[in-house]
């Protein structure tokens, strides 16, 4: 018999979907009492080698308000040649033949294969309008009267003056990149270089709007510092004026943030409307303005890369301008989506009035979509408490993704999911057993980060704590006012641990992080799949020693021992930590002696594993090699659970390990306090 864990894994591999609950409460009232909403992590282009394309148009429901696609959950009457839609129960005629020529092959040139020639340079102080840009660059359409005079001559499109196929000017591009030098314009002492990043991006967006509307294209923006003039300005050119910090933003002392953010939001919406992706590659020792520009990659599905000294590897895919729309059964509606998407403002009977994230629609556009891009979809059960669902009833959700394959072929990918309904009053154990704590943790984390963009940090933490306490009260087993009696079933046991690490993560904690860093971390969390998102919340830790092969260990200070090497993966950093004894042996050069070849292999093992991760991840993580007492060991010490601190390091029976100099509470203290609040009769 298949367990729920196996069922969840099989569905993720087949459909790219993970639901927070795999049995749904049958009424709106009971669904609100579940604390964690009915929601799903959906990866539209989940890679499946066993999924060949079908060479005909999808069979749609004939009801205009439905238009669901024929799927395995529909009932088919082969004798009468009818099929019943499982969403609206409309009976439809079975199509007897398929048109093999229905697939449309689209030939296009994308900006991923184009190179801009030397543009006309401007002062960069005026943003200009789209019409003015068309006239200035002679991109307006030729009048019909002029085109009909004289013999017909094939004229190249006006856009060829600025955009060329890469195969034509590949050598020129290589030469230009090789000859790039630092801007020779002198910068006065005490001043910042003048940068008009906002105007440059405005021109790029306008140029693609004129030449390739609704066609896959990328704008790759490379910045080495903040914009210091024009629209989108981040900071003034006086070095004595520091760039904004979180403290300045909280005190409303950052005068450029609101205007700069508004400028880039307008550009992001224009690019998203025409299906163009905006990537940002920032490399500087100080902030570059990612806080103001974050909406550009967030809304268009672009990449955001932030580097200090190392050059990240680039692995870009063709922009494919996909569009996803969703259909649900009558008892459930869509509240919204959180991820790299924009709303297409398509109303329908399956759209909920309660919006979460990008809501009020059943269609979204994702300008740049990769096989790992994942959306968080939130649902609302609308079935009333006094209208019971028949025994064995199932709720269904259908995801339809229209996209352009790298071959130029337009494709539609349909994913139809069904889950059982259950009465929460009589079948609460079935609902509890279906809880996916990993997916629920990521879905609640996205909600918390989304709220953190507009709410105060402490308010978000309090909201997260209240939700966790309510979940413990709902599904925990305990006696009132007896914390020692509290028990959580296996399907919930890891969830409080995820929330503990989420509270300490840079997604919600802005201390010691700049606004640009927080924007960078949040951007990647909002687009990655479940596995990578879990690593961001709770990093993985592996131990290497002479006692055996590498093994996963607890993310705890007790795992830091003198005779072992640790490899920590936080998604953004790959850290190798050498214990005190290992570090001393390495400094003594034992690895260079033939008789200590096993020690050399021990040192090399985590390096090989780290290199494998570095080469397979985009953007490339920061690589850190440190040891006991090293300054960069702080990255490890800040992530592990501080079960041993300077306050209890000499306590009787204390396990060996590295004490952490911190006042943060440990996971054990957090859990004890959580149990106390959950069982309290005053709660």
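Glycine is treated like the rest: Cβ placed from N, Cα and C.
Keep in mind that this is a model prediction, so the values were computed, not measured.
Annotation comment: TrEMBL describes 58-95 as domain 'Zinc finger Sec23/Sec24-type'. Residues or ranges marked as domain 'Sec23/Sec24 trunk' by TrEMBL: 130-307. Taken from TrEMBL, the feature domain 'Sec23/Sec24 beta-sandwich' covers 326-422. For 436-534, the entry in TrEMBL reads domain 'Sec23/Sec24 helical'. According to TrEMBL, the feature domain 'Gelsolin-like' maps to 550-636.
When Cβ distances are compared across the two stretches, the domain 'Sec23/Sec24 beta-sandwich' (326-422) makes no contact with the domain 'Gelsolin-like' (550-636), since fewer than 3 pairs at least 6 residues apart fall below 8 angstroms.
Remote same-chain partners of the domain 'Zinc finger Sec23/Sec24-type' (58-95), defined as residues 6 or more beyond its termini with a Cβ less than 8 Å from a stretch Cβ, comprise 327-330, 348-349, 394, 396, 398, 400, 412, 414, 416, 418.
If you take every residue in the domain 'Sec23/Sec24 helical' (436-534) and average the pLDDT, you get 97. Residue counts for the domain 'Zinc finger Sec23/Sec24-type' (58-95) under DSSP (helix as H, G, I; strand as E, B; rest coil) come to 0 helix, 11 strand, 27 coil. The domain 'Sec23/Sec24 beta-sandwich' (326-422): residue composition by secondary structure is 0 helix, 49 strand, 48 coil, according to DSSP.
According to DSSP, the secondary structure content of the domain 'Sec23/Sec24 helical' (436-534) in residues is 61 helix, 9 strand, 29 coil.
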